[in-house]
Amino acid sequence: MRAAAVKFRTCRSTTRVPRIMTARMSDDPLALFDSWFAEARASEPNDSNAMALATATPDGRPSLRMVLLKGHGPDGFVFYTNLDSRKGGELAANPHVALLFHWKSLRRQIRIEGSVAPVDNATADAYFATRSRDSQIGAWASDQSRPLDSRATFEARFAEMQARFAGQDVPRPPRWSGWRVTPERIEFWQDRAHRLHERTLFERTAIGWTKGYLYP
């Protein structure tokens, strides 16, 4: 039986957002990120801090997944994960990564390329302490990216960890920590009519950031 044809033209909304004058955009990409991120937090219905994280093995085989931004500033963009997961292994073996934020409500994207380094233990401990207790226990229960025979096994392991830490604070697992992405390239993309999109590229140099524009 033939699959129904998808009319992809109908998937695209014709709604437009107010025009941004690229000439008026900040020359500081981190300040511009702050501005766009603030708008996304106000307009996105779910997970405005969600970002795609692309990693690769040393021989160039890529993998991609969504993670949550948990900190950002002049020193980079921070996320947390299980260090023994697939992405944890790839990050340890190949520090070159890419991030992508896509905010549908604003019809904007931000692409970031750079390299990662682990956060220090104090930073990881401080963030872990802000997580809900069940999320903390979940970090102990999950052997992320390892084969799992059934959901029941996972739930039993979670219950086991609940019992283990009953009546006490849950410490951060040694295999769970954070990574900081130091950006080298940041591209801001804004949707425009007739696919005449605006692309503004910042590249880091030894003395700061350069700013330029790209054809869409």
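Quick reminder: no glycine exception, Cβ is built from N, Cα and C everywhere.
For reference, Swiss-Prot has these:
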BINDING   65-70, 80-81, 86-87, GLN109, 144-145, TRP189, ARG199  FMN binding site
BINDING   LYS70, TYR127, ARG131, SER135, ARG195, LEU196, HIS197  substrate binding site
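Known features from Swiss-Prot, placed on the structure.
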| residue | record | Cβ within 10 Å |
| --- | --- | --- |
| VAL67 | FMN binding site | 16 |
| LEU69 | FMN binding site | 18 |
| LYS70 | substrate binding site | 15 |
| ARG86 | FMN binding site | 16 |
| ARG131 | substrate binding site | 16 |
| SER135 | substrate binding site | 11 |
| ARG195 | substrate binding site | 7 |
| LEU196 | substrate binding site | 9 |
| HIS197 | substrate binding site | 15 |
| ARG199 | FMN binding site | 16 |
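When the neighbouring Cβ atoms lying within 10 Å are counted for each of the binding-site residues (GLN109, SER145), the highest count belongs to GLN109.
Cβ neighbour counts within 10 Å, taken over all protein chains shown, single out TYR80 as the most crowded of the binding-site residues TYR80, TYR127. The Cβ of ARG65 (FMN binding site) lies under 8 Å from the Cβ of ALA52, LEU53, LYS87, each of which sits 6+ residues away along the same chain.
In terms of Cα distance, none of the binding-site residues chosen from VAL67, LEU69, ARG86, GLN109, ARG199 sits within 10 Å of TYR127 (substrate binding site). Once the Cα atoms of LYS70, TYR127, ARG131, SER135, ARG195, LEU196, HIS197, the listed binders of substrate, are compared pairwise, the greatest separation found is 44 Å.
Rounded to a whole value, the Cα-Cα separation of ARG131 (substrate binding site) and LEU69 (FMN binding site) is 14 Å.
Secondary structure at ARG195 (substrate binding site), taken from DSSP and collapsed to helix, strand or coil, is helix. Checked against SER135 (substrate binding site) by C-alpha proximity, the binding-site residues GLN109, SER145, ARG199 yield SER145 as the nearest. The shortest Cα-Cα distance from HIS197 (substrate binding site) to any of the binding-site residues (LEU69, TYR80, ARG86, GLN109, SER145) is found for GLN109. The shortest Cα-Cα distance between LYS70 (substrate binding site) and any of the binding-site residues TYR80, ARG86, GLN109, SER145, ARG199 is the one to TYR80.
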